[in-house]
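The transmembrane segment annotation in TrEMBL covers 75-96, 150-175, 187-220, 249-276, 292-325, 345-366, 402-421, 442-462, 474-495.
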Amino acid sequence: MTTISGLTANSTTPYLNANNPQNAPVIVQGKVVSTPNKGFVVPSTAYHPRDSIVEPIHNPQDFKRDPSPRRCNDLIWAILFLIHLGAMVWVAIYYIPQMTNRLGADYAADANNDDHRRFLEEDQDWSYQNIDNGYLYDNNAITLNLPSTIAVVAVTCVSGIFLATTALGFMVLFAETLIRVGFIATALLSLVMGMASVATGQIAAAIASFVMFVLVTWYACNAWARIPFAATNLVTATTIVRDNLGVAVYAYLSLALAFGWAVWWTSATIAALFVLGDCEGDGTCNNDLDPFLIFLFLASYHWTFHVIANVVTVTVAGVSGTWWMVPSEGNQFCSKAVTDSYYRANTLAFGSICLGSLVVAIVSAAKEIIRQMRDGRDSVLVCIAEFLLGCIKNILEYFNEWAFCFVGIYGYSFVESGMQVMDLLRSRGWTSIITDDLSGRALFIVSFFVALLNGLIGWAFGSVIPLGEGVPEIVPFLIAMVTGFTLCSTLFSVVGSACKSVIVLYAEAPNEFQANHPELSNRMRISWQQAWPVDFKYG
């Protein structure tokens, strides 16, 4: 390997301008560093995304970005979101007591009804339940030990987090193999489902499975040569997350928030619709419900859910930018990059997150309304409308993923970020590259195996501490498997977000990547050139 003097290019540093004179100064992170014959040195005034934006030097004609001032972008949308949350709090406080009072009155009326009382006395299958000393008794001969069940859930949560974290290192070593296994497993699963459908006489399902097998096989053959490209992206993203593992804490926190929001929203929405519809305890309603009101409740759910998820996405983008530019501030569990990025996502960038999430939420809510209409009446137009809304939703979510990268890295507003990132990728000629995402298969395969391992742990723990009498042995296995898959998928969603940030940062600042992470940079350059010899412009 030859040393770098000035800006002389060689086989290991293809991003430097080979036309500059031999004695030209070294440029790192858009700054001149006087270090003749000593290679790369990171300047003391290194870039940090909370202070300014990077000015990477690719070629003389490359554009530069103006610094983004520290301000709350899209503030009005953050205010509207908080007002919406306050409205949902009021809905819960106002309507839940009314619903419980009505249900209590209906129950009391039923208890005094002779026919109802006679039904309770004569029905031998009626299941009476009570809790005594931690046991849930049921007349159907199943006894559930609640403390043991809680213990299984707690233990499998800890083991699931441990296995998911350990799997990060596994992916760094075997990323390419995992992607190949993902292709093969998907094809084989389609083939097995097709054969099983034939054996059971399900001809339509068999045809669909065999068509899926042909499509997956065809796609795998075409994408096989690009697997090393996807693997290097995945390795880099996984390294970012592993070096800043504290970001996983915020991901798990978002999971808890999403669960809490689902419970709160469900309680408030059911109570409001129950009271406004003048409903009875048996589910019959005397008043017709306004479809627009249902739309607003659905939009509320999707808006908050996407905001919670996108806060983590923007945080990951900020962490990735700091790790890329200033590795000294992004290489610890609870690094400065992690804490500062999460703070910015919940303050300065929160309005941009609310705006981007609202756009998707509106389309998602409309899609749910259309689906309800389709279930009520089978119409071709309704099916077409649902399909179009699904396409629009996918496009918006795809656009948001890239826009939030710039929101997290540079602190731009949502609309400006969307335009800037698309202009960047288009100017690099990477419109084909960004659509070729193979890493999701590897993430799913690892999540599935983590779920299986966690299920075995739950089964072993359940065999030592039984959940109760009559409880099937598979129950602790299923509890642990679902827990493990949920936790692992949550962590790996962070890796997926980092993959998007890696592509954006590689388009924006390849010199900085070579300076700060040369081994990963060299590996990525080689795999990208092999996979995209025409579209990949560097080198």
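Cβ atoms here come from the backbone N, Cα and C positions, even for glycine.
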Does the transmembrane segment (402-421) make contact with the transmembrane segment (150-175) through 3 or more Cβ pairs under 8 Å, each pair 6 or more apart in sequence?
no
Can you tell me which recorded stretch out of 75-96, 150-175, 249-276, 292-325, 442-462 has the most Cβ pairs within less than 8 Å of the transmembrane segment (345-366)?
292-325
Distant-in-sequence neighbours of the transmembrane segment (442-462), which means Cβ under 8 A and at least six residues beyond its ends:
148, 151-152, 155-156, 159-160, 163-164, 167, 170-171, 175, 178-179, 181-182, 185, 230-231, 234, 473-485, 488-489, 492, 495-496
The transmembrane segment (292-325) and the transmembrane segment (249-276): do they have three or more Cβ pairs under 8 Å, with pairs 6 or more apart in sequence?
yes
Thinking of Cβ pairs under 8 Å, which stretch from 75-96, 187-220, 474-495 has the most of them with the transmembrane segment (292-325)?
75-96
Same chain, outside the transmembrane segment (187-220) by at least 6, Cβ under 8 Å from its Cβ: which residues?
none
